[in-house]
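The domain 'Fatty acid desaturase' annotation in TrEMBL covers 133-358. Annotated transmembrane segment per TrEMBL: 16-33, 40-58, 64-81, 101-121, 133-153, 243-261, 352-370, in sequence order.
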Amino acid sequence: MSVNDLFLSSKTKQRYRLLSYIVSILGYAWNYKMDDLKKYSFLLVYLLIPLPFVSLYLGGWYSFLPFFIVFAFIPLIDAFLHDSVNPTKEQEQELLKDKFFKYITCAYVPIQITIIAYGVYIVSTQNLVWNEWLGFTMSLGLISGGVGINFAHEMMHKNSKLQQLMSKILLVTVCYGHFFIEHVKGHHVKVATPDDPATARLGENLYQFLPKTLLGSFQSALILEEKRLSHKNYSIWSIHNNFWWILTVPLMICIVCFIFGGLIALSFFLLQSFIAILTLEIVNYIEHYGLERKMLSNGQYEKVNPNHSWNANHWLSNQLLIHLQRHSDHHAHGARPYQILRHMENSPQLPSGYLGMIIIALIPPLWHYIMDKRVLAYRIQLRQLEQL
């Protein structure tokens, strides 16, 4: 037997071995019930967390690899995999009893603190070239926003004081603590009205929306907190003012970063926070673009319903974002936990999952070409239904 034959034989063996592994995995998956597969697929989000560190290890421009995976590879998978199956009433009760879903979000809190602290250590002690530093910092911000803020969002809707505290901890690690106040008491009340800074109007592009939502949401949180304090007869200078922790904790983190690693560490923390915030607000732009609640004869807006949020049934991004894309049901039933959120067939539907839509939103002409006609078509559809 020739050397070439030996080489080919070795490669063939490797291929057969790989094929046998794949068949074994598929067989193992087949033996699971589909409900179990869906349940454990929520853990896929944890595969994203090491990406900034793996890409930094590869070095150079590979430090931007997480952006390719998140905004190219995942949307490509989304194009082929959809999930519009909703749990039955009996399944809902079982899912509500299962603490597994709570552990997924709660377990991430110490992880986010650790990866940000480790990130500060890396940029402070390693001689990174500029593109490695930038790619690593932005990639970590993508995780602390796409995973951290999203998990914080889920936990802030809970009645549990512990989960609300965990939500606050995640938010201060990206300098966005006021989101805890504004989202529940502001956005969920005013969504799809001109009074909501986090709802994008038809024809408004992302770059017009961002300053409006960044400034408007902060102002809204200030007003809401002042009203809360006044209602309880507390001074705005009292320790009961939530803005003390909203402002001072991130400031303390900044001071620690500067003391430990100087400007390079401080810049790392602030930039990853900015990317996290930007990720959140671009998603906000997508979630309610062009949708409106009707003004009733009594001067009040109609009750929030599934018509006021864009829905997406793209499987992979939905699992990674713990059903955030079932946003129509979330706004119609704000206290409903993520594991039992339902796909709403009659709500407005996005052509791609959030990760694909983020790229489209960054290009206003493309966004308006795709989305404006969908908004207008949905408005016509609603008017026709009202006339029946």
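Quick reminder: no glycine exception, Cβ is built from N, Cα and C everywhere.
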Contact yes or no, the transmembrane segment (64-81) and the transmembrane segment (40-58), 3+ Cβ pairs under 8 Å, gap 6+: yes
Most Cβ pairs under 8 Å with the transmembrane segment (101-121), selected from 40-58, 133-153, 352-370: 133-153
Positions whose Cβ lies under 8 angstroms from the transmembrane segment (243-261), at least six residues beyond its ends: 120-121, 123-125, 168, 172-173, 175, 177-178, 180-181, 221-222, 225, 268-270, 273
Long-range neighbours of the transmembrane segment (133-153), counting only residues six or more past its ends (CB under 8 A): 45, 48-49, 51-52, 55-56, 61-67, 70, 105, 108-109, 112, 115-116, 119, 122-123, 166-168, 170-171, 173-174, 176, 179-180, 183, 264, 267-268, 271-280, 320-322, 324
Per-region confidence, the domain 'Fatty acid desaturase' (133-358) (mean pLDDT, whole number): 96
